[in-house]
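Take a look at the structure below.
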Amino acid sequence: MKRIAFVGSVGAGKTTLFNALQGNYTLARKTQAVEFNDKGDIDTPGEYFNHPRWYHALITTLQDVDMLIYVHGANDPESRLPAGLLDIGVSKRQIAVISKTDMPDADVAATRKLLLETGFEEPMFELNSHDPQSVQQLVDYLASLTKQEEAGEKTHHSE
């Protein structure tokens, strides 16, 4: 599998998803620095996203990854996507994940519309990171991409 970076605002659910994809469904602690797993995937701090003074750190961190997974809470009506981020990652596969779909104030339809307007494409994944079946949809999708690319099939953004 290629290297993945998880990006999104503070509290979006990046670390919870990062952990869930590794089979860890315990409560996530706040990410204070860039963290890596055994495969080299990267969990980025939300501060990199929320504060323009940290954009350079975010851009530098994303240089060597193959895929961006953008995590946006279904209970967050605003886009905080740094200007130009999708352009920087134009050669990288970009996947949008709508997290926190189980929250009482979640508005999945509005979040999907916001992400489409921002420039993300389908498929998008609606997740409750504490529900293994919900997370499995993303796991299966990532595995299918890997299998296609290993078989030499072209996928969107494959090189």
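Each Cβ is built from the backbone N, Cα and C atoms, and glycine gets one as well.
Annotated features in Swiss-Prot:
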BINDING   Gly8, Ser9, Val10, Gly11, Ala12, Gly13, Lys14, Thr15  ATP binding site
- prompt: Inside 8 A of the center formed by the CB atoms of Gly8, Ser9, Val10, Gly11, Ala12, Gly13, Lys14, Thr15, which other residues of the chain have their CB, for the recorded ATP site?
  reply: Gly46, Phe49, Val71, Gly73, Ser99
- prompt: Which residues, sitting 6 or more apart from Ala12 (ATP binding site) on the same chain, put a CB under 8 Å from its CB?
  reply: Gly46, Val71, His72, Gly73, Asp76, Ser99, Lys100
Message: Just to confirm: which same-chain residues, 6+ apart in sequence, have a Cβ under 8 Å from the Cβ of Val10 (ATP binding site)?
response: Pro45, Gly46, Glu47, Phe49, Asn50
Message: For a quick check of understanding: among the binding-site residues Gly8, Gly11, which residue's Cβ has the most other Cβ atoms within 10 Å?
response: Gly8
